[in-house]
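*Asks:* Before I ask anything, here is the structure I am working with.
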Amino acid sequence: MAKKIRIIDSTLRDGMHAVSHQFTPEEMAEIAAGLDAAGIDTLEVSHGDGLGGSSYNYGFAAAKDEDYLKAVSQVLKNSKLGVLLLPGIGTAHDLEMAAKFGAKVVRVATHCTEADIGEQHIKIAKELGMEAIGFLMMSHMVPPEKLVEQAKLFESYGADAVYVTDSAGAMTPYDVKKRIEAVKDAISVPVGFHAHNNLGLAIGNTLAAIEAGATYVDGTTRGLGAGAGNSQTEILVAVLAKLGYETGVDLYKIMDVAEELVAPKMRRPQIVDKAALSLGYAGVYGSFLLHAMRAAEKFKVDVRDILIELGRLKTVGGQEDMIVDVAYELSKAKKQ
Ligand SMILES: C[C@H](O)CC(=O)C(=O)O
Ligand SMILES: [Mn+2]
């Protein structure tokens, strides 16, 4: 029997980073209807930084979370509606609102050493009848043993699955294999993997994760996402079909969603350019990319220097203000 792999498509959440969070609810509804018809199990919707992300720090979205959720939930026939929440950015109130508008799945995303700040939200999600998934961001920054400790915490709070998340697209297949194997051995709920393509390894890393025991994997159509984007859903579907895995997704239909619905709405090409490659090389949070490009422009410094310095400083999500500090310091040093 073919092994089942669950694909969570994040075109309408991680993909929001690539369009500076400017999809409209109507655009989201059109893409969501296509993803649903193609057989996507779960699709994630919100600002790129999750519920409550629309702000000065992360950039304002074109619409409110509830407008996106309302628009998408109206067109879904089979796919589950998911949201992402970073505790502190999103609140319990946001989660209740998402449940009210039809969200059935929440991924509670924390830095890979801070699962404890997700306890309350996992528990609230369970009380609301939602599937709750722990999402350990920037997983390249810590060794497998640390991820195991954090995954166990999520499991102890009642998480239904735990993700190893390569937020910086900094891992090689070997890094992925070690982490997934260790987490898989330590917990009894499913393990997931979320890739970014900054080193051009998103699909390869996702396959390494599956071989190591992950059964939930993420994709975005056209690879739309932070940095160089994510594993491209339509490629993932094709590759997994060739390898004999069952995803439930119709290949032609998902190709058509990517080509006809997503591609025309893209604001910039989703490629591994020098800035995106620097993110993966330096191990920097993918959603820093557009902020760093703007800072490079403003302070007339090389975006690669900003990203390499942010990597050296081991900055993590939530420290977006550091991008401007680093750019400013580099510009001062250049003038001296
Ligand atoms: C808020 C981030 O964009 C979550 C994510 O997709 C990642 O860490 O990667
Ligand atoms: Mn991501």
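Counting starts with 1 at the first residue shown.
The backbone N, Cα and C atoms fix where each Cβ goes, and this holds for glycine too.
Quick paste of what TrEMBL says about this protein:
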type: DOMAIN; residues: 5-255; note: domain 'Pyruvate carboxyltransferase'
type: BINDING; residues: Arg13, Asp14, Ser167, His194, Tyr285; note: substrate binding site
type: SITE; residues: Arg13; note: site 'Transition state stabilizer'
type: BINDING; residues: Asp14, His194, His196; note: Mn(2+) binding site
type: ACT_SITE; residues: His17; note: active site, proton acceptor
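For each feature listed, report its degree of burial, its nearest neighbours and the pertinent distances within the displayed model.
*Replies:* Looking only at the domain 'Pyruvate carboxyltransferase' (5-255), the predicted model's pLDDT averages out at 98.
Of all Cβ atoms in the shown protein chains, 28 besides its own fall within 10 Å of the Cβ of Tyr285 (substrate binding site).
Cβ-based neighbour count (10 Å, all protein chains) for Arg13 (substrate binding site) stands at 30.
Neighbour count (other Cβ atoms within 10 Å of the Cβ, all protein chains): 30 for His194 (substrate binding site).
In the three-state DSSP classification, His17 (active site, proton acceptor) falls within a helix. Just so you know, the Cβ of His17 (active site, proton acceptor) picks up 27 other Cβ atoms within 10 Å once every protein chain is counted.
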*Asks:* Taking 8 Å from the centroid of the Cβ atoms of Arg13, Asp14, Ser167, His194, Tyr285 as the cut-off, which other residues in that chain fall inside it around the substrate site?
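*Replies:* The answer, listed by sequence position, is Ser10, His17, Gly48, Ala109, Met137, Thr165, His196, Gly225, Ala226, Asn230, Gly286, Ser287.
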*Asks:* Scan Arg13, Asp14, His17, Tyr285 for recorded positions whose C-beta lands under 6 Å from an atom of ligand 2 and note them, or write none.
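*Replies:* Those recorded positions that pass the cut-off, since their Cβ is under 6 Å from ligand 2, are Asp14.
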*Asks:* For His196 (Mn(2+) binding site), just count the other CB atoms lying within 10 A of its CB, please.
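*Replies:* Total other Cβ atoms inside 10 Å, all chains included: 31.
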*Asks:* Cβ within 8 angstroms of the Cβ centroid of Asp14, His194, His196: which residues besides those meet this for the Mn(2+) site?
*Replies:* Ser10, Thr165, Asp166, Ser167, Gly169, Ala195, Asp218, Thr220, Gly225, Ala226, Gly229, Asn230, Ser231, Gly286
*Asks:* State the Cα to Cα distance, in Å, between Asp14 (substrate binding site) and His196 (Mn(2+) binding site), rounded to an integer.
*Replies:* 10
